[in-house]
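First up is the structure itself, then whatever we jot down about it.
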Amino acid sequence: MARLGRTGFLTLAVVFHLIYAYSIFDIYFVSPIVSGMRPFRVEREPGSEAPAKRLVLFVADGLRADKAFELTPDPDLPEESNGDDLTFLAPFIRSRVLSHGTFGISHTRVPTESRPGHVALIAGLYEDVSAVTTGWKLNPVNFDSVFNRSRHTWSWGSPDILLMFKEGAVPGRVDADTYGEELEDFTSDATALDIWVFDKVKELFASAKKDPELNAKLREDKNVFFLHLLGLDTTGHGYRPYSKEYLRNIKLVDQGIKEISQLVEDFYGDDKTAFVFTADHGMSDWGSHGDGHPDNTRTPLVVWGSGVAPPKQPQHGVPSGHEDGVSADWHLNQVQRNDVAQADVAALMAYLVGLDFPTNSVGQLPLEYVDGTPREKALAALANTQEVLEMYHVKEEHKKAALLRYRPFEPLASDYGNSAEQRLAMIKDLIDRGFYEDAIETSAALFATALEGLRYLQTYDWLFLRTIVTFGYVGWIAYALTTVIHLHVLHGASESDRTTASISFFSSVLVALFSVFLYQGSPWRYYLYGFFPIFFWEEVFARRKAFHAGRAGALLLPKRDLHSNKVEDIDTITYGGAFMLLTGLLYLLFEDEILGTSHQPAAVSRKGSRNIMGLQLGMVLLALIVTRSSAASLQAKQGLPFGNQVVGWGVLIASLLLPFAHRLYPNSHYLHRLMIIFLTFSPTFIILTISYEGLFYFAFCMTLVTWVRLEHATYVYTAKPVAKQAQETIEPPKKANPGATTVVDGETYRFRTLTVSDARVALFFFFLLQSAFFSTGNIASISSFSLDSVYRLIPVFNPFSQGALLILKLLIPFAIISANLGILNRRLEVAPSALFMVVMAISDVMTLNFFYMVRDEGSWLDIGTTISHFCIASFLCTFVAGLEFLSEVFISGVDFGLRTDAITASVPDIVNGITSKGQKDVPNGVEDKE
């Protein structure tokens with residue numbers, strides 16, 4: 001309600017936007033996982049067996065497809081070589097492509113992170129995008145997988161991947177041998193991780209020669225061996241994928257795979273082993289992944305061994321797979337390239353070893369990789385299609401049971417003569433009559449239709465939920481504008497006007513919505529989604545007189561993506577730190593001229609404050625020195641010296657605590673307070689910067705100070721004629737408007753009414769807020785943030801601590817802008833939070849636009865970008881509310897040099913939610929207060 005006042009309004013804004021920001025995951029990214037499906041496997045002739053008895057899966061975490069196949073300068077040559085000696089880094093893998101198996105590119109989905117990538121490879125399932133938040137935790141995999149369908153799986157590698165698959169499988173079915181997380185050091189030689197895995201595999205087969213029980217277990221069929229090779233991912237993060245370290249790691253992985261393949265073949269000696277080599281995701285040029293850039297989504301896929309089709313030469317007039325030009329410099333044009341979706345790999349592995357297809361798999365068996373008769377391929381395609389249809393039928397039954405009225409998917413509805421059972425019977429008849437190619441084509445068409453049916457069920461509730469959310473956002477915009485007009489234009493003069501009919505109407509709609517949610521067993525969040533639109537529009541209707549009295553304009557804000565593909569540059573870091581240091585020194589030297597003599601504090605207080613500021617400058621200098629030393633040591637691959645790490649943490653913590661010492665020697669001038677805040681965060685920005693961010697911080701702070709002074713000068717200039725006219729009038733001064741008051745530091749002050757020119761201030765703030773978001777890194781793609789800076793404090797893999805440091809760096813510009821706007825708010829003599837409320841009212845025009853632009857299919861880059869855009873726009877309002885509270889902390893006790901009127905009488909505080917109705921007139925006696 002408009003009576004909520006300032007604190008209530010800001011709290012409501014935060015709660016509403018946090019809840020509605022989650023709505024895209026309830027609408028667009030509902031988990032596809034269901035249970036209760038029957039498993040399906042390929043039907044084989046009596047006495048026949050699966051193509052392979054066992055399967056070995058190699059996953060090179062973070063390996064790009066191009067780096068695996070292209071010609072590259074030999075990383076082992078000395079530095080002085082001219083670089084003309086080009087070589088293939090993975091000769092063994094290349095030999096499998098050319099003469100032993102089938103290859104292609106496995107295209108991944110966003111988020112290109114380890115957990116979703118491995119889930120797609122091993123379960124054939126694309127998790128919803130929000131599942132990336134569990135990628136760094138030990139979390140049971142609550143869906144079916146190839147490991148779960150195997151007789152037994154042995155796995156080696158990182159605990160982040162192996163343990164979650166072990167916990168989610170049938171007890172005792174998966175063995176996971178992992179190394180400690182302390183080995184995942186980004187500043188050390190990560191090849192040790194892969195060597196550890198290869199050595200453990202060799203130990204297992206060596207032990208089998210002495211252990212008859214283990215030997216017998218290893219020789220059973222339907223076994224899977226999983227080697228998770230994390231070295232490339234760790235090396236790529238630390239040194240970039242074009243570094244010699246990354247290229248050497250590729251050579252080591254290739255040699256290790258060669259040795260393990262030979263070891264397995266020698267141990268069994270039956271040529272009944274299938275081998276799969278791939279990656280969970282790629283790696284960008286700046287050593288990160290997560291978004292949909294092609295370098296992250298293209299991974300190699302090489303399959304060879306028992307049951308795998310040999311390499312095929314491209315036929316004239318038939319697509320070779322190389323038409324897109326991606327593999328033009330791989331020198332593999334003489335071999336057919338067969339690209340697949342990442343989830344297809346799970347279906348391929350299940351087929352090769354004769355397992356049931358994972359029941360949640362949406363992967364389509366790539367028949368180009370299968371070495372079998374046309375009948376075998378037709379039966380395999382049929383079983384693959386039956387598995388997906390089974391998932392469709394189960395999900396459809398769940399949907400029917402939950403809805404008041406269900407409309408079936410026409411292409412698979414029996415009412416329309418298109419039942420899946422009829423089409424399956426037709427496929428079986430084609431196989432029985434020997435029309436295998438027709439059966440394969442029909443199965444593929446039915447498979448695609450089943451996926452469309454799953455898509456139909458996944459999006460069934462979209463229209464209903466999106467309509468509710470749209471009414472919620474539009475209602476918030478109208479409610480916020482009504483509140484601003486009521487509080488800061490009409491000063492509480494408008495009254496609510498509810499009628500019995502309006503109360504009955506809105507109550508009936510709310511009851512109807514809640515009844516539908518209750519019948520359908522909807523999550524508790526749906527009730528909140530439905531409550532907010534009713535609440536907002538009921539308030540807008542009740543305050544419609546205030547809305548009609550004001551004038552609201554639609555503000556369209558241009559927006560663009562900024563990309564920040566940065567590399568570490570010590571000189572640029574130094575320039576930024578030098579500007580920060582120079583700014584502080586110049587302030588200390590010319591403090592009297594900057595502040596003016598009329599605002600000088602007591603001599604003791606002035607000296608103490610200058611001494612503390614001198615210590616802050618010392619922290620800036622020390623941060624610059626230790627950052628240069630740490631960066632040089634890391635670039636020289638000497639690791640992070642322990643002393644540097646201790647000093648870095650000491651400077652970071654001390655610089656954030658030192659400003660509190662200024663309370664002992666207060667200097668209340670607003671420029672002095674801004675300089676303290678500037679120097680407080682300077683050491684943090686120096687330590688956590690890798691390139692131009694320090695220069696941005698300096699320029700951003702100077703721009704904000706200039707903006708504050710310019711807006712105040714503009715306000716004084718435009719108000720001067722009015723003041724002069726007031727002095728010349730012979731009429732007695734009018735009483736102060738009792739509605740235009742607020743409480744500041746325990747006293748009541750007069751504030752002015754908002755005008756059209758204040759929209760300019762709000763727009764400038766909105767622009768600067770966008771700059772704070774995007775200038776230190778493209779938050780639309782979190783992978784654009786480099787980890788180089790956090791290595792100076794945390795060199796060992798610790799995602800939560802490293803992420804916290806990156807978030808701290810990201811939030812600093814918001815702290816700076818909140819302090820400046822808080823000061824500007826007071827200098828312009830408008831009510832606290834007035835400008836913040838205007839910004840919150842206009843920001844959701846952009847939010848609603850991005851809500852309808854969210855996509856959950858198509859280009860993976862588009863999916864990730866649209867989600868990020870919506871979340872950024874939605875959280876902007878939440879940030880603004882938080883910044884408003886933060887600004888009060890930063891400007892507490894600041895002297896603004898204003899002529900404000902202290903009102904001696906006790907008056908209600910409209911901004912804090914009390915109406916002016918019945919308020920007594922305020923006395924004329926006002927007292928100038930500096």
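Please read every residue number as a count from 1 along the shown chain.
Cβ atoms are placed via backbone N, Cα and C, with glycine included.
Taken straight from Swiss-Prot:
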TOPO_DOM  1-8  topological domain 'Cytoplasmic'
TRANSMEM  9-29  transmembrane segment
TOPO_DOM  30-466  topological domain 'Lumenal'
CARBOHYD  ASN148  N-linked glycosylation site
TRANSMEM  467-487  transmembrane segment
TOPO_DOM  488-498  topological domain 'Cytoplasmic'
TRANSMEM  499-519  transmembrane segment
TRANSMEM  522-542  transmembrane segment
TOPO_DOM  543-569  topological domain 'Cytoplasmic'
TRANSMEM  570-590  transmembrane segment
TOPO_DOM  591-611  topological domain 'Lumenal'
TRANSMEM  612-632  transmembrane segment
TOPO_DOM  633-639  topological domain 'Cytoplasmic'
TRANSMEM  640-660  transmembrane segment
TOPO_DOM  661-684  topological domain 'Lumenal'
TRANSMEM  685-705  transmembrane segment
TOPO_DOM  706-761  topological domain 'Cytoplasmic'
TRANSMEM  762-782  transmembrane segment
TOPO_DOM  783-803  topological domain 'Lumenal'
TRANSMEM  804-824  transmembrane segment
TOPO_DOM  825-833  topological domain 'Cytoplasmic'
TRANSMEM  834-854  transmembrane segment
TOPO_DOM  855-870  topological domain 'Lumenal'
TRANSMEM  871-891  transmembrane segment
TOPO_DOM  892-930  topological domain 'Cytoplasmic'
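Ranked by number of Cβ pairs under 8 Å to the transmembrane segment (834-854), the listed stretches 570-590, 612-632, 871-891 are led by 871-891. A Cβ distance under 8 Å defines the sequence-distant neighbours of the transmembrane segment (804-824), meaning residues of its chain 6+ beyond its ends; these are 670, 673-674, 677-678, 681, 684-685, 688-689, 693, 697, 700-701, 704-705, 707-708, 711-712, 761, 765, 768-769, 771-772, 775-777, 779, 785, 789-790, 793-794, 835-836, 879, 883-884, 886-888, 890-891, 894, 896. Tertiary neighbourhood of the transmembrane segment (640-660): same-chain residues 187, 612, 615-616, 619-620, 622-623, 626-627, 629-630, 633-634, 676-677, 680-684, 687, 791-793, 795, selected by CB-CB distance under 8 Å and a gap of 6+ residues from either end.
Tallying C-beta pairs under 8 angstroms between the transmembrane segment (467-487) and each of 499-519, 522-542, 570-590, 685-705 places 522-542 first.
Highest Cβ contact count with the transmembrane segment (522-542) among the listed stretches 9-29, 612-632, 685-705 falls to 9-29 (criterion: pairs under 8 Å).
In terms of DSSP helix, strand and coil, the topological domain 'Cytoplasmic' (633-639) has 3 helix, 0 strand, 4 coil. In the topological domain 'Lumenal' (661-684), helix, strand and coil residues by DSSP number 19 helix, 1 strand, 4 coil.
Over the topological domain 'Lumenal' (661-684), the average per-residue pLDDT in this prediction is 87.
Here the topological domain 'Cytoplasmic' (825-833) has, by DSSP, the following mix of helix, strand and coil residues: 3 helix, 0 strand, 6 coil. Under DSSP, ASN148 (N-linked glycosylation site) is assigned to a helix (H, G or I) in the three-state scheme. Within the same chain, residues 577, 580, 583-584, 587, 591, 594-595, 599, 601, 604-609, 612-613, 616-617, 619-620, 622-623, 651-652, 655, 697, 701, 705, 808-809, 812, 815-816, 819-820, 823, 827, 890-891, 893-897 sit at least 6 positions outside the topological domain 'Lumenal' (661-684) and bring their C-beta atoms closer than 8 Å to a C-beta of that stretch.
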